[in-house]
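Copied from TrEMBL, the annotated features are:
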BINDING   B:HIS29, B:HIS264, B:ARG359, B:SER386, B:HIS468, B:ASP476, B:HIS480, B:ARG527  substrate binding site
SITE      B:HIS29  site 'Important for catalytic activity'
BINDING   B:HIS69, B:GLY117, B:PRO118, B:LEU119, B:GLY159, B:ASN188, B:HIS264, B:PHE444  thiamine diphosphate binding site
BINDING   B:ASP158, B:ASN188, B:ILE190  Mg(2+) binding site
SITE      B:HIS264  site 'Important for catalytic activity'
DOMAIN    B:356-532  domain 'Transketolase-like pyrimidine-binding'
ACT_SITE  B:GLU418  active site, proton donor
Protein chains: 2
Amino acid sequence: MAYDKLDQLAINTIRLLAVDATFKANSGHPGAPMGMAPVAHVLFNKFMKFNPKNPKWLNRDRFVLSNGHGCMLQYALLHLFGYKVSMDDLKSFRQIDSILPGHPESHDTEGIEVTTGPLGQGFANAVGLAVAQAHTAAVYNKPGYNLCDNHTYFFFGDGCAMEGIASEAASAAGHLQLGNLIGIYDDNHISIDGDTACAFTEDVTKRFEAYGWHTVWVKNGDTDLEGIEAAIKECQAVKDKPSMIRLTTTIGFGSLLQGTHGVHGNALKADDIKQLKEKFGFNPEKTFEVPQEVYDVYHKHAAEGAAAEQEWNKLFEKYVSEHKVLGAQFKRVLEGKLPENWQSKLPVYKPTDGAQASRKLSEAVLQAIHEELPELMSGSADLTGSNNTIWKNAVDFQPPSTGLGDWSGRYMRYGVREHAMAGMMNGMAAYGTVIPAGGTFLNFVSYAAGSVRLSSLAHHRVLYIATHDSIGLGEDGPTHQPIETLAHFRALPNMMVWRPADGNETSAAYYMALTSKGTPSILALTRQNLPQLEASTLENGIKGGYVALEDKSAQITLVATGSEVSLCLEAVKTLKDQNIKARVVSMPCVEVFDAQPKEYKLSVIPDGIPALSVEVMSTLGWEKYSHEQFGLNRFGASGPYKDVYKKFEFTPEGIAKRAVATIEFYKDVKPLRSPLNRAFEQLI
Amino acid sequence: MAYDKLDQLAINTIRLLAVDATFKANSGHPGAPMGMAPVAHVLFNKFMKFNPKNPKWLNRDRFVLSNGHGCMLQYALLHLFGYKVSMDDLKSFRQIDSILPGHPESHDTEGIEVTTGPLGQGFANAVGLAVAQAHTAAVYNKPGYNLCDNHTYFFFGDGCAMEGIASEAASAAGHLQLGNLIGIYDDNHISIDGDTACAFTEDVTKRFEAYGWHTVWVKNGDTDLEGIEAAIKECQAVKDKPSMIRLTTTIGFGSLLQGTHGVHGNALKADDIKQLKEKFGFNPEKTFEVPQEVYDVYHKHAAEGAAAEQEWNKLFEKYVSEHKVLGAQFKRVLEGKLPENWQSKLPVYKPTDGAQASRKLSEAVLQAIHEELPELMSGSADLTGSNNTIWKNAVDFQPPSTGLGDWSGRYMRYGVREHAMAGMMNGMAAYGTVIPAGGTFLNFVSYAAGSVRLSSLAHHRVLYIATHDSIGLGEDGPTHQPIETLAHFRALPNMMVWRPADGNETSAAYYMALTSKGTPSILALTRQNLPQLEASTLENGIKGGYVALEDKSAQITLVATGSEVSLCLEAVKTLKDQNIKARVVSMPCVEVFDAQPKEYKLSVIPDGIPALSVEVMSTLGWEKYSHEQFGLNRFGASGPYKDVYKKFEFTPEGIAKRAVATIEFYKDVKPLRSPLNRAFEQLI
């Protein structure tokens, strides 16, 4: 179609809103919005379907701004199309308690699909959104009911293109033949250090071809709106490959500093803004100016989206009445509810049941619940047999042409791509119909730290199945034995770190992970066998911490997690031989324990006797729950795991020795308060 | 050259040593060594120069096994060539206190250049080793004195090829035109999940070409020794590009399970070993068998290496006498010594000096010391202007053909590749002539967590210049504001986490970071200005913690770091208005403070009065140094930094309020011990 002055006016309106908002905030990134306004206009106004009045409509096209620093572009679009972003909101960009933070956050702003800014994350999120779409379509679409056919579009810049997570995600997307995914690469040759010639001279197009992507090059992304439209159309027609449009643009288009990194991360100067507005035919005396005809054209497109949703709603109701079982399931999933009584499927163990590694106990949970929870998609970063993340007869999520599975499959082969796995899972969770769970060794969850942080910040229900959780993995040695990992993720807000001690606690961990809609979980699981405990129940486990062995006349409380709980129970016997009485607390999840009523917590770790924590990794943070800490503030060792435990004195005797020292040390302190008693409350 | 039976015998000896060692350990990875023994034989015996009697000889060729799980390949080679790896050592593979852990660790085993196993790390290390070589050659080689011309060779598998860090490092190496770098890709189509067809179907060769690498394909890596030799020769001849040899091999070559993932991570079965030894003409009744002629041929090559080193030593002495200044410098650097009195160049500040951001104070240090320390190479992951990592007139380390710098340049443009930057810095530090320092935002050091961990484990002197260290970065908001990051890295063994409060503390941080040969450092630096403190001196700073404001009649100790120290000093005044006396401790580095004598530590955080820690991020771990903790156990907010501080009550009033609560809470506890008094010592 032909483009006219109105299109140019809309584009310049977007550019100037970004310029004015960053100028007012005296902070932010005008360059990318100014360069990408043309493609954003074409994409949003000519291609994307969405309803600003219901930003959560399932079949909307998804948009991800992986170069999230350019968020004023997206905020301007949300405002112009009529999402809940007012002119006052635009004026409060980057101010305290504004709904428009310095980088896009899905939890803050309606219409933002995923939280981006940390470079490369949005790229992986987009791949995850496309995975979830392909899967949802395969499961629910029926002849005459094309309920799920949206595209995922994403923008990314040179920064994202350099990040490893984007490379991993691009390789995965190519393998998965995600034809519903279209990425637009802002090829503007500028990053913060200046011209990309100083560090980034690879052939990006060729690299994406090597991954199996379809590629197109639009050489003049500043003004060739027809070319942009043709490129997007061409990519939409490619059904068996993701597509990448290399869009050569001028960063800060129109500014006196256009094409330099001077417009990347700083507001424009006043005189530059003046000449820009004049050049664009805007009144240089006015700020935040939106011509009514721009609102009109965008509101018209929004109204078309609203109408499309209405049509879709009718089709959906018809579907529900025709495909009763699947329809009810689809409806339930869309409402974000788990099936009634699903938790009755969680395995329950008696103390007499055999010892098992908690990675195997986790497998048993997945085996038991996967039919009940069709929204659950499991997977692993190439450690399936070690992470035990697969259930019997699971079908791979694979392009049918591979002969290895199909789009309805629920098992993801992420490859050795931990960071992309986590970023993709964030996107999958954001789509709205999938609960993703993905496995790797606990030590290598750290490879994914950038995305794990965003699971927490963006409130995604994502499960990290993190096996081989300590020196207990044995022979692989210090390169694979986590020391700092649990401290790291316990310090991360809005993250549940679970380290279950046995079967019932493993079921409890899954129960909480699956029912906590806005909080991700890391399940730290052993390689080695653990006995089933006497006091462990689902009810106890979901409190995060509970008394595993009570003794009202105890002289000390031993607080432990995972594999060390049964060791502490052994240590109680050793102490008894020395006429010392001890009680044991199992603390599978400190974050969940923190949320219990204080009275309960003080019944678990009471005043009057000292508490000693026992966990075979960094002691950092255990001071919050214990007076003294037995842990491992050094790297581990390679050897059979029992030898490694012995080397570091993680034996009943080693624990008992420290318990005795702790009792002795605190005998004269009055009052001896539980460490849970604090002088003031923390801000949360 | 022609290959004969002796070559085949050597290759099969390597294979069987790997088979016997993993069988004896009942653990480990025989498949990769069996598949890669041919290329290892050709590479080590026909190409590489090294002296097993002096594994640290500068001009040795470097070898990195990025697929470190195949370490029995490398251990067998070290043994056969006469390094300090005995037959008994091979038999103790993966046992407690063996020098041969489950993955190669440079700190444990002579001849291992870098610690690998976590996939992709060795790849980035190899790029760093090649950078350091190119730089060292450019600085020190003179006509007639080709003192530094070694190659870096590395092996990597499908797992490494999938990892983002390897993609980043490969892109960087291509840009840098590292002709001294040759990677051999073990294209065996097998990863832990089985055939790579399930997740990894990209065109790896094309991808490396896109990065600017020279590529060769050896289609029969199992037996085509001539082809392997020709490929390596071809790559050696390419001087302006790194090279990648795609070597198609059969994992577990010779085993009944060859070509399957069954030989990847498990010892072979006894009957399989029997048939294998028979097939290879070995006695199936014997284990760990090495034919004398294999020792002979390898020892001959080792002797040639020793002779080459002798020649080199003579040349080096001549060089030192001819190029006096440069020779003395080269000698000093090779001995691992810093120049006499270099620390006199460190900036010193008076309390009356102006307030500055600690990222600017860090820049002042680099400006002041860079001439004194020619071994220092700085750089940034595309945040040069924000990290302030560059000194005036610094020359980029760049291929001269770019026109942007040259090989002798000392400033690295890492691109937006945090993980590869860290992995490359580990390799650069391992080379022996370079001290690398690299910048990014503190929040994005987490992207590099996999490599940062190995900086610590492998004892590399690497400096992470981590700016924008808290909510004090302001407008960029929660996606960029670290909360969990310092807790994460404080929990990591052998890592110094510095958060200086002013100029003298910043100098102290650099002093310790540069003089601690076996410990990496993270320098957490502010975006916002900080005043120069009264009590801050280099001498105080290098203790890790000291009294910033003493008051013998104080009722409370405020313990703070970085930007919160001056806030606490303000809070003392607020408390004084309420007739409360407080003292302040500045704690720029808890790890260094931990190493001080107990008497000193107790003079800093004494018995008898409570201590309150103040740091604008996770409180996790501060219980070790304080009775109560004021921090931020939630995500931050986007806004001007002073508003953000106020929102979370990080003001003199907010601190004073909590100090009052703390004093009140502890007034009845007797004895009130310093938190530094513990019941028992931690294992270290």
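Even glycines carry a Cβ here, placed using N, Cα and C.
Projection of TrEMBL feature records onto the structure.
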residue	record	Cβ contacts under 8 Å, 6 or more apart
B:HIS69	thiamine diphosphate binding site	B:GLY28, B:HIS29, B:ALA32, B:GLY102, B:HIS103, B:GLY117, B:GLY265
B:LEU119	thiamine diphosphate binding site	B:SER66, B:ASN67, B:GLY157, B:GLY159, B:CYS160, B:MET162, B:GLU163, B:ALA166
B:SER386	substrate binding site	B:ARG359, B:PHE441, B:THR467, B:HIS468, B:ARG527
B:GLU418	active site, proton donor	B:ALA381, B:THR440, B:PHE444, B:VAL445, B:TYR447, B:ALA448
B:ASP476	substrate binding site	B:HIS468, B:SER638
B:HIS480	substrate binding site	B:PHE441, B:ASN443, B:HIS468, B:LEU473
In three-state DSSP terms, the structure that B:ILE190 (Mg(2+) binding site) belongs to: strand
Spatial neighbour of B:HIS264 (substrate binding site) that is closest, considering only the binding-site residues B:ASP158, B:ASN188, B:ILE190 and their CA atoms: B:ILE190
B:ASP158 (Mg(2+) binding site) and B:ASN188 (thiamine diphosphate binding site), Cα-Cα, nearest whole angstrom: 8
Set of same-chain residues at least 6 away whose C-beta sits under 8 angstroms from B:ILE190 (Mg(2+) binding site): B:GLY31, B:ASP158, B:THR196, B:ILE251, B:GLY259, B:THR260, B:HIS261, B:HIS264
Helix, strand or coil at B:GLY159 (thiamine diphosphate binding site) [DSSP, three-state]: helix
Intermolecular Cβ proximity, binding-site residues B:ILE190, B:HIS480, B:ARG527 versus chain A, under 8 Å: B:HIS480
For B:HIS480 (substrate binding site), the three-state class that DSSP assigns: coil
Among B:HIS29, B:HIS264, B:ARG359, B:HIS468, B:ARG527, the one of these binding-site residues whose Cβ has the fewest neighbouring Cβ atoms within 10 Å: B:ARG527
Long-range Cβ environment of B:PRO118 (thiamine diphosphate binding site), under 8 Å and at least 6 residues apart: B:GLY68, B:HIS103, B:GLY450, B:ARG453, B:LEU454
For the domain 'Transketolase-like pyrimidine-binding' (B:356-532), the mean pLDDT of the predicted model: 98
